[in-house]
Amino acid sequence: MEPANDTTVTEFILTGLSQTREVQLVLFVIFLSFYLFILPVNILIICTIRLDSHLSSPMYFLLANLAFLDIWYSSITAPKMLVDFFVERKIISFGGCIAQLFFLHFVGASEMFLLTVMAFDRYAAICRPLHYATIMNRRLCCILVALSWTGGFVHSIIQVALIVRLPFCGPNELDNYFCDITQVVRIACANTFLEEMVMIFSSGLISVVCFIALLMSYAFLLTMLKKHSSSGESTSRAISTCYSHITIVVLMFGPSIYIYARPFDSFSLDKVVSVFHTVIFPLLNPIIYTLRNKEVKAAMRKLVNRYIFCKEK
């Protein structure tokens, strides 16, 4: 997508997370460790669910899709951020900025919708166990996942369409380590009140509505489970799982609401919240959603033994 004709800015300067060399090196080691955990673990999750016939239920199909989105979500900002720790002048082209913005909102919104679908899956499994296979059949799962991706795509197109029509004539400095609408809109050479309101309505509304829907669904599930708390270990595990999922929901939607559901003014906490939103959240997803699952862990060990250590068991 090309900028408007009156656009003179061809690149943006990113301020990064810190200007201190020692701090940059520490952050590089930390974020590289996170990224090198996120990529192989999520790839292993996808391969395990794909290759193990015992993990064919809708829940695991949704987990594989979540792992795929996490790979892309973490890869939108992390590689450039890691390279920029060693670059004096951190720049990104106008086209690169628009691409980063597009994929950030595409994958991020898709993940929000997918988390909502996963909450519905948990509701069906816990509250309608006898009808679960009928309700959450493979066809419905594919439709819900496709709708999640489509919703994310439409949302992202709206953000990009609003940005590319704005004129940029300087300054061109973005006070962050990646491109996002909250920084880009602030440096446009025009009155952006209408665009800002549409973006807040779009991004903020998605975040708030999904967040409230998820909290209500998990509150309902916890109420149902605690009524049957005498059922034994399986109920205790389900309650623990719900609390873990609520943690992810808060960590995902809290920063998103803070960033997008308010006027796009600059605050001192913006960069810290952005780190939680783009780095910490993809790190915790596989830990809480998948690696606490005994069936998945057993299947992963089996897969590693078979294909890496060449052992059948």
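Count begins at 1; order follows the chain as displayed.
Note: Cβ is positioned from N, Cα and C throughout, glycine not excepted.
Cross-referencing CYS97, CYS242, CYS310 with Swiss-Prot gives CYS97 as the cysteine bonded to CYS179, criterion being a recorded disulfide.
Each of THR10 and THR134 belongs to a differently named topological domain in Swiss-Prot, hence to opposite sides of the membrane. Here the transmembrane segment (58-78) does not lie next to the transmembrane segment (205-225) in space: the count of CB pairs under 8 Å, restricted to residues six or more apart, is fewer than 3. Neighbours of CYS97 (disulfide bond), defined as other CB atoms within 10 A of its CB across all chains, total 24. With a cut-off of 8 Å on Cβ pairs spaced 6 or more residues apart, the transmembrane segment (239-259) and the transmembrane segment (98-118) reach 3 or more such pairs and are scored as touching. In three-state terms derived from DSSP, CYS97 (disulfide bond) belongs to a helical segment. Recorded stretches compared: 143-163, 205-225, 271-291; the one with the most Cβ pairs under 8 Å to the transmembrane segment (26-46) is 271-291.
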